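Straight from TrEMBL, the features:
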| type | residues | note |
| --- | --- | --- |
| COMPBIAS | 896-910 | compositional bias 'Basic and acidic residues' |
| DOMAIN | 17-132 | domain 'Cadherin' |
| DOMAIN | 156-241 | domain 'Cadherin' |
| DOMAIN | 242-349 | domain 'Cadherin' |
| DOMAIN | 350-454 | domain 'Cadherin' |
| DOMAIN | 455-564 | domain 'Cadherin' |
| DOMAIN | 588-678 | domain 'Cadherin' |
| REGION | 818-937 | region 'Disordered' |
| SIGNAL | 1-28 | signal peptide |
| TRANSMEM | 698-721 | transmembrane segment |
Amino acid sequence: MVYFQRSPGSRRLLLLLLLLTALEAGSGHVHYSIPEEVKHGTFVGRIAQDLGLELVELVPRLFRVSSKGYRDLLEVNLQNGILFVNSRIDREELCGRNAECSIHLEVIVDRPLQVFHVEVEVKDINDNPPRFLRREQRLFILESRIVDSRFPLEGASDMDVGANAELKYKLNPNEYFDLYVKTNEEETNILELVLKKALDREETQEHLLLLTAVDGGKPELTGTVQLLISVLDANDNAPKFDKSVYNIRLLENAPNGTLVIKLNASDADDGINKEIVYLFSNLVLDNVRSKFIIDSNSGEITVKGELDYEDCNLYEINIDAVDRSSFPLTGHCKVIVKLLDENDNTPEMVITSISLPVQEDASLGTVIALISLSDRDSGPNGQVTCTLSPHVPFKLVSTFKNYYSLVLDSALDRESVANYELLVTARDGGSPSLSATASVSVEVADVNDNAPTFAQAEYTVFVKENNPPGCHIFTVSARDADAQENALVSYSLVERRVGERALSSYVSVHAESGKVYALQPLDHEELELLQFQVSARDAGVPPLGSNVTLQVFVLDENDNAPALLPLPGAGGAGGAVSELVWRSVGAGHVVAKVRAVDADSGYNAWLSYELQPAAGGARSPFRVALYTGEISTTRSLDEADSPRQRLLVLVRDHGEPALTATATVLLSLVESGQAPKASSRVLAGAAGAETALVDVNVYLIIAICAVSSLLVLTLLLYVALRCSAPPSEGACGRGKPTLVCSSAVGSWSYSQQRRQRVCSGEGPPKTDLMAFSPSLPQGPGSADIPRQPNPDWRYSASLRAGMHSSVHLEEAGILRAGPGGPDQQWPTVSSATPEPEAGEVSPPVGAGVNSNSWTFKYGPGNPKQSGPGELPDKFIIPGSPAIISIRQEPTNSQIDKSDFITFGKKEETKKKKKKKKGNKTQEKKEKGNSTTDNSDQ
């Protein structure tokens, strides 16, 4: 527990205690208390917190504890600021019998220098039992001694203090003797053996008793001594003193021969038994015998040795007065001599140098030295004051009792005064006063208060890659404003890791010149920026330093040629690209794309594409985009163009010198009718490569989206034909509708292989519409080949791009009628099971004639299909260029498929066969429709 010293006292000391409390609170010292004999590591107090210091500043400020004359009894843990017991503390060894026992500590911290005083009070514990000087005390008692006669006994001593030293005595039970204990004015115990029954030497010649001393501690400790009493025959009256105890006060340093007291004892006997001899009792200690002497005849006690109050201020002398009979009787008394202090000790001064020499930039209040004063005298004789002369830029500050600090009072200038000679005088308060002086030489020293500084905090260095090893890339320079060794600057790298390697494997710096060298060739592709720090330190003590950051940018050299990426359709000889191009494409049509990368950066990685001129100087109908590598047509292709075009594309970077790479593109020009056959023959071998590069082949994407859009269109037409009928035909008039659908990618045909009855309201069901499967057999990659449109149908590239979709499509379409017509929610159609089937036209991939995956769904809010007569004869489908026309034919009318628009050239032979078999096919379809109707029902 920490507290400022405040102790309760009696009323007569209240004013003095209040004054002392105010003085101690003003000094601000910290007081702790601990019991003695505690274990190592015992907590004493949070000294850092109590002194107002932060834990983080203990080590930087060089926190240390000094204890004068107490070695390392107490230590401070710098991690948590706790003062703890470091070694065994024995109060009796430190302070003896003094009532108060304290350990004074000086706590010193730097930056700025501060000194704190801590007082640790060591409290007594009952660790010492009472002890007798002798194991046995021998008494000689005449048998003639009367009852209640008293015989002095030597008491025990206890090294403890306070209640632990308060002794009680007890005597083992016996029938002859009792124990009498009384306390004198000096609060010491006087023990007397009281005879309670007359002795008879003839009956018992010796009595053996056990005297026990018990202290007042908890637990109680005891000490014993044996009393051996011999019964004598002789005198009836023993000599008697006027007093049993004599108290004498004597100045210390009394000269030898000084009379202390003259004792007088009387004996009631006559003759030789009345003659008395004065002797020191055998209880008198040797140190008392060395200081005093007694005249055996006169009883005068005089000073024999040097008396020093500081060594011992109280002497107890036991005197025996013995008569001269054959059986002498003895009288006893005690003389207590208390010494009075004199001013006989000059003050002692100890100067501890803290900051010598003093740095010229020391701040005001800096502690230069610590001065501790002491005076062995007591009272005013031991009160010491300290003064400083002559008038210098220093002053003395009292920190605690007899402790002073020599502190800086004004600024120092080493150039003006390099050394000060100070005289410190310590004077006590005695009369006459005594003094002591000491000289202190204070030297002012220069300080290393300037760190090396760089002109900039950061430098940017540009180094070309592939530099020779050991080349000089930069020079750092720092200046130090100090002088001599404080201005000597050395340079070093601040080591760190760069990837998996140490920084020192890349660069080094010369310690004296500051030149930075590259230890190995730098590669821009591996390391674009090397950032590190160079440290500059001076030779001062302690050295000061600063860091500068270097950002080394590795400049790119054109040391990497363009590299061609794997191209879509690659797989020919030498990595050449083979592409099919329809002759019907117009100008600006993109037929292929060359891709390349360059490992360099900046202009060295900026690639441009050039088309090498054809052999013989012929002008190619193709061109390549300068920066994208896209190969497109410059004009429409015609029959005069070679069916096989070999293009050489030169890829060039912008470095100095420029590096190049060449890509070969093989283009095959085909007619529109040859597209399916060419697709089945040529593309079968390149399907694997095209599938791997589908993400970059825009043509495949266009083809997939086109056929997907066609699938949606077909299904919408089917639903429209089923649900639309002229009002004159009735609600469910039976007839054979003819559907004409023109779209961007082909036309649809009508089929009677499968009929599904859809009826809204009354009337017979309508004939359904089925789409033929594509005539191109399913093969590897065949679904990704774009189809050449019929020359009589043109559509723009933007329209093709808007037709992208997936093969499995399911969405709700809103068919909007012509101007003024109502909005209709039409069923959607989806196809999920691809089953290829032969046919003339190409519906969306995956929709087969015999496939049951065609499903029809109505949009939300339209659970039933609108009735007949509510549909216009034409529909415009949003997002599609197709216009759907629906017309109803009589039930027995013939449908000529040649009326429909299809892609490709129609073979005349097929037309004739279709016309001849028209009647037979119509009959078969009607039979099939009847079967389908029955199955649907």
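Note that Cβ sites are derived from N, Cα and C of the backbone, with glycine treated the same way.
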Highest-contact recorded stretch vs the domain 'Cadherin' (455-564), from 17-132, 156-241, 242-349, 588-678, CB pairs under 8 Å: 588-678
The domain 'Cadherin' (588-678), counted residue by residue under DSSP: helix, strand, coil: 14 helix, 37 strand, 40 coil
Recorded stretch, among 156-241, 242-349, 588-678, maximising Cβ pairs under 8 Å relative to the domain 'Cadherin' (17-132): 156-241
Helix, strand and coil residues within the domain 'Cadherin' (17-132) as assigned by DSSP: 23 helix, 39 strand, 54 coil
